[in-house]
Amino acid sequence: MAVNLSRNGPALQEAYVRVVTEKSPTDWALFTYEGNSNDIRVAGTGEGGLEELVEELNSGKVMYAFCRVKDPNSGLPKFVLINWTGEGVNDVRKGACANHVSTMANFLKGAHVTINARAEEDVEPECIMEKVAKASGANYSFHKESTSFQDVGPQAPVGSVYQKTNAISEIKRVGKDNFWAKAEKEEENRRLEEKRRAEEERQRLEEERRERELQEAARREQRYQEQHRSAGAPSPSSRTGEPEQEAVSRTRQEWESAGQQAPHPREIFKQKERAMSTTSVTSSQPGKLRSPFLQKQLTQPETSYGREPTAPVSRPAAGVCEEPAPSTLSSAQTEEEPTYEVPPEQDTLYEEPPLVQQQGAGSEHIDNYMQSQGFSGQGLCARALYDYQAADDTEISFDPENLITGIEVIDEGWWRGYGPDGHFGMFPANYVELIE
């Protein structure tokens with residue numbers, strides 16, 4: 001609702017005119033509302049300036065003050081309009097009276113400075129006069145005679161800003177700068193040295209770990225050969241172990257001579273295994289294979305030497321060369337009968353593949369190693385000596401002291417079993433020890 005200035009219009013106009021009249025002793029007027037209505041009335045006038053006006057402000061009301069002050073720069077009269085909203089006024093009243101500010105500014109026109117105040121700190125006389133001085137725009141004064149030229153006698157010589165250079169202080173300043181520069185350089189060198197030592201230590205530990213793995217593999221091979229020599233049996237490792245060790249050593253020397261880091265022994269083993277699988281497939285006779293079912297049967301013994309789990313192939317006894325192979329083939333056919341059905345008349349079209357005999361040597365080598373160690377290859381448990389992280393999903397990860405169950409010995413250097421998380425996969429044999 002709009003503010004009402006007509007009800008007490010003559011009194012309001014008289015108070016305003018008395019303030020703006022320069023020769024009038026009245027220098028301030030205070031206006032407020034009549035109760036909770038929007039009618040404006042004169043709350044009071046005075047001649048005491050800002051100090052007296054501030055004392056009349058009520059913290060529980062909305063009031064409008066109009067005051068005449070003297071500009072400290074020019075000495076001319078200036079008018080100040082104060083929109084006072086006390087801290088005790090409720091929010092509804094504050095919102096309603098906020099729309100009346102522009103109407104009151106139009107009525108009390110001619111104000112040079114307008115101040116919106118809520119607390120006593122906002123209406124301190126010093127603060128108001130400072131705002132009036134800033135609003136004048138220039139520091140000048142009227143009605144003041146300028147001082148005429150006066151002969152004050154001879155003036156003193158103009159002082160110089162030159163300062164004599166102090167060699168000692170200059171040396172100290174330069175020395176201080178050099179000291180901090182040297183300290184920063186030493187700190188940088190120290191950090192670089194620590195980084196270099198850490199890198200050397202890491203490389204040394206990595207080299208020791210690789211050497212330890214190679215030594216453990218060599219000791220395991222040597223122990224395997226000694227056990228076979230003590231038992232009087234021919235050592236298969238004399239035919240397979242030494243070429244494998246020589247291949248690993250030769251690959252390691254090639255990498256070191258090329259200036260590169262030697263690969264992990266497991267990677268060398270994988271490369272050797274892939275090469276053996278390729279050679280075995282090439283040496284077979286694909287011209288005699290006319291059935292996909294028989295081709296699958298012939299490739300199953302090939303994968304038994306690798307990492308995939310397959311049924312164990314029976315080994316021929318001493319002095320027997322050709323008899324056990326058909327029994328192995330027939331047993332494989334018996335296991336596959338629910339899925340594949342081979343006509344009887346096709347049996348005469350296939351000959352006994354030499355691939356089974358070629359892979360028999362590898363299986364015999366693994367079985368001899370298993371028998372020499374005193375375990376059957378399945379249902380074993382082992383405790384982890386070192387931590388190992390799986391390189392892919394066919395391997396398992398474990399930490400020291402973890403138990404690995406259901407171990408299957410598929411190779412001298414790689415076994416399979418269930419890890420701590422229940423995942424079944426391969427792991428290096430020299431990272432664990434069997435539990436009796």
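Positions of Cβ are set from backbone N, Cα and C atoms, glycine also.
Checking Ser74, Ser141, Ser277, Ser330 against Swiss-Prot for the annotation phosphoserine singles out Ser277. Looking at Thr26, Thr147, Thr279, Thr310, Swiss-Prot tags one of them with phosphothreonine, and that residue is Thr26. For the residues Tyr162, Tyr350, Tyr369, Tyr418, Swiss-Prot attaches the annotation phosphotyrosine to Tyr350, which does not rule out the feature elsewhere. Comparing Ser257, Ser280, Ser372, Ser376 with the features listed in Swiss-Prot, the residue bearing the annotation phosphoserine is Ser280. According to Swiss-Prot, of the residues Tyr224, Tyr305, Tyr340, Tyr340 is the one noted as phosphotyrosine. If you count neighbouring Cβ atoms within 10 Å for each of the modified residues Thr26, Ser160, the highest count belongs to Thr26. For the domain 'ADF-H' (2-133), the DSSP counts in helix, strand and coil order read 50 helix, 38 strand, 44 coil. For the domain 'ADF-H' (2-133), the model gives a mean pLDDT of 90. DSSP assigns Ser160 (phosphoserine) to coil in the three-state reduction, placing it in neither a helix nor a strand.
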